[in-house]
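Enquirer: Heads up, here are the entries from Swiss-Prot:
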DISULFID  Cys71-Cys184  disulfide bond
DISULFID  Cys150-Cys176  disulfide bond
DOMAIN    45-185  domain 'C-type lectin'
CARBOHYD  Asn117  N-linked glycosylation site
REGION    337-382  region 'Interaction with TLN1'
REGION    340-375  region '3 X 5 AA repeats of E-S-G-X-V'
REGION    356-380  region '2 X 4 AA repeats of N-X-I-Y'
REPEAT    340-344  repeat '1-1'
REPEAT    350-354  repeat '1-2'
REPEAT    356-359  repeat '2-1'
REPEAT    371-375  repeat '1-3'
REPEAT    377-380  repeat '2-2'
SIGNAL    1-21  signal peptide
TRANSMEM  236-256  transmembrane segment
Amino acid sequence: MRPGTALQAVLLAVLLVGLRAATGRLLSASDLDLRGGQPVCRGGTQRPCYKVIYFHDTSRRLNFEEAKEACRRDGGQLVSIESEDEQKLIEKFIENLLPSDGDFWIGLRRREEKQSNSTACQDLYAWTDGSISQFRNWYVDEPSCGSEVCVVMYHQPSAPAGIGGPYMFQWNDDRCNMKNNFICKYSDEKPAVPSREAEGEETELTTPVLPEETQEEDAKKTFKESREAALNLAYILIPSIPLLLLLVVTTVVCWVWICRKRKREQPDPSTKKQHTIWPSPHQGNSPDLEVYNVIRKQSEADLAETRPDLKNISFRVCSGEATPDDMSCDYDNMAVNPSESGFVTLVSVESGFVTNDIYEFSPDQMGRSKESGWVENEIYGY
């Protein structure tokens, strides 16, 4: 894996952990506090009183044991409905909340006893607050028994009616680990009923949204959660800034190094032109090149034929006093004495060929040619 990919994976994992920590704190059942809600009592003060706990967010709803523990810590118990009038009263409480779909736990639960032939399944259900009331509001085909031990009050406004009529506010046995809303009841007598905690069951709760809470409290809570999320995100991003800068600098350095390496590997487009010894004959009719061309032709002819006797090839130097009309400046092949003025020796007796460079005439050059046996071929001023 490349270092850049690994760094991105680590940053993503840290960011996800920080966001999860910012969304909510994991609570146990003992952390749930219902004292912020106002109980509803008959006539305002008469006992028993009730609290209808409804969660707008379905992920915050509680299972049966969690709901029972929350009511107990608030000084109550899961509701026991002892008469039809009390059933109607609780239905009105729920209707005033205008909640959406979501069943409510009530304090009815089946005892963990083996069912005998003489004992019906529904006779095994009892109230968790110790009430001995035999009032029941089961739906037509309930209870179904089996693995469904705890009891809920149906609240599914969007559900169509079943074979036994509407489901609304009817009772149904359900699995105790299901997440639902619940109703607490506060009576004059508060019998100490030991709570049965579900063994080996992990509880993850968040602070519930009670129906009695005002919009201002909700806004404050939302603002607090948003601020905590922003702080957690800042704590994650600020330490990661040096790593991001290091990654950017490393990327830029690698890019510059690769560009320079590619530039060095590319061939140089400029090529040097190779000049031939002899200039091109099509360069023009410059008077300065006529002497050069004549010597070249004479050299080629001289090399092509066999010469039994070598002789010096000279040309007459045009005098500066002669005019163009009476000076032909023709080239003559003749053997002369090197000491004579007006001639420049081009070829020595020992070389046997004509070279392609012309010295300017001077007595010093004449003496050098006589001693070395040949004349160096360079053209001055060309």
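Quick reminder: no glycine exception, Cβ is built from N, Cα and C everywhere.
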Enquirer: In whole Å, how far is Cys150 (disulfide bond) from Cys71 (disulfide bond) when you measure between their Cα atoms?
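Expert: Taking the Cα atoms only, Cys71 (disulfide bond) lies 16 Å from Cys150 (disulfide bond).
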Enquirer: In whole Å, how far does the CA atom of Cys184 (disulfide bond) lie from that of Cys176 (disulfide bond)?
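Expert: Rounded to the nearest whole number, the Cα-Cα distance is 17 Å.
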Enquirer: Under a three-state reading of DSSP, tell me whether Cys150 (disulfide bond) is helix, strand or coil.
Expert: strand
Enquirer: Could you work out which of the disulfide-bonded residues (Cys71, Cys150, Cys176, Cys184) has its C-beta surrounded by the smallest number of other C-beta atoms within 10 A?
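Expert: Comparing Cβ neighbours within 10 Å for the disulfide-bonded residues Cys71, Cys150, Cys176, Cys184, Cys176 has the fewest.
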Enquirer: Reported in the order helix, strand, coil, what are the DSSP residue counts of the domain 'C-type lectin' (45-185)?
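Expert: Tallying H, G and I as helix, E and B as strand, the rest coil: 31 helix, 38 strand, 72 coil.
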